[in-house]
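> One structure is given below, represented as structure tokens, and several questions about it will come after.
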Amino acid sequence: MSDQANQGDLEIRPSPLLTVINDLHSKYKSLKEGIVANYIPELAKVNPDLFSISIVTVDGQVYQVGDYQQLFTIQSISKVFAYGLALEDHGRDYVLTRVGVEPTGEAFNSIILDEQSKRPYNPMVNAGAIATTSLIKGAGATERLNRVLEMFRRYIGHDVFVDISVFTSERSTGHRNRAMAHLMLNFGMIDRNLEEALDLYFQQCAVMVNCHDLAVMAATLANRGVNPVTGEQAVNSRYIKDILSVMYTCGMYNFAGEWAYKVGIPAKSGVCGGIMAVVPNQMGIAVFSPPLDIRGNSVRGVKVCEELSQQLGLHLFECVKVENGKWGVGNCEC
């Protein structure tokens, strides 16, 4: 298991930050808390000992340790990027008519909709993500899927593919998601073929990535939508504020408040065991470890991010005095 690897044009160099993540990896690799997601049969087969940490900065430095090349399905982390694509397709005002931006305090698979508006509460829970995905433009199912895959390519810097076995597993067992979609169809929050919208949602969740890919995607968001590897604009910079705001308030499900209090940066988790976090204008962080807590967040991932935030002063409200006598935010030196 290596703590460094050449990845595209990124520069890898010795750093105190590499020491920090190596120490955290060593500290938590023997942790046995949590269970692997089993409500999707294919996910239940994953090795619970897989564990990696990757950090990519906005100027192209990379630090990583563990199984960072291990592929896994992106799952709910895809919701962040589908939301960005829907914003580009329709603009924030229209998207807000279909999905809100309020935290729910409920589990990620809650069927509850806003009582007054009948909208799903936010795009980071399943109901909201299904509504968001249904907004993605295209002449047909194939074009919409190709647009989603092309979107991921811009964020990551290379082509991606859908794991067909996971897609079919989710499709055949996704009765709760199907119930949500029918409820939203009833209230006019979905207005196209329901099964087609669900298929695209299941497909985007089954896109294969690794921990390094997630860190590049997070760094792209930290870099105002510009991929630090390729220099390509992955998403219009005007929507970065929208995306990061919803990640901050809703990205960790019914753990979002405690996450904001302890870690204090925008993040999104997935039942794959991934957590992707964004330090605006500085870096993207990704942790992969399949065992989950009762809220559906990676046990090791949460602990690593909490310690990184504390050690590096990453909390958005962590004010430190800088040389010119003014107050700044964060205390990260890579």
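Every residue gets a Cβ built from N, Cα and C, even glycine.
Quick paste from Swiss-Prot:
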type	residues	note
BINDING	SER76, ASN126, GLU170, ASN177, TYR201, TYR253, VAL271	substrate binding site
> So how many other Cβ atoms are close to TYR201 (substrate binding site), meaning within 10 Å of its Cβ?
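Other Cβ atoms found within 10 Å: 27.
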> If H, G and I count as helix, E and B as strand, and all else as coil, what does DSSP give for ASN177 (substrate binding site)?
helix
> What three-state secondary structure does DSSP assign to ASN126 (substrate binding site)?
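Where ASN126 (substrate binding site) sits, the three-state DSSP reduction gives helix.
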> Taking the Cβ of SER76 (substrate binding site) as centre, how many other Cβ atoms lie within 10 Å?
23
> What number of additional C-beta atoms lies within 10 angstroms of the C-beta atom of VAL271 (substrate binding site)?
23
> Considering all pairs of residues in SER76, ASN126, GLU170, ASN177, TYR201, TYR253, VAL271, annotated in the record as contacting substrate, what is the maximal C-alpha distance expressed in whole angstrom?
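Looking at SER76, ASN126, GLU170, ASN177, TYR201, TYR253, VAL271 as a set, their Cα atoms extend up to 20 Å apart.
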> Around the Cβ of TYR253 (substrate binding site), how many other Cβ atoms lie within 10 Å? Please give the count over every shown protein chain.
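I count 23 other Cβ atoms within 10 Å of it.
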> Counting across all protein chains shown, how many other Cβ atoms sit within 10 Å of the Cβ of ASN126 (substrate binding site)?
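ASN126 (substrate binding site) is surrounded by 22 other Cβ atoms within 10 Å.
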> Quick check on the binding-site residues GLU170, ASN177: which one has the highest count of other Cβ atoms within 10 Å of its Cβ?
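When each Cβ's neighbours within 10 Å are tallied, GLU170 leads.
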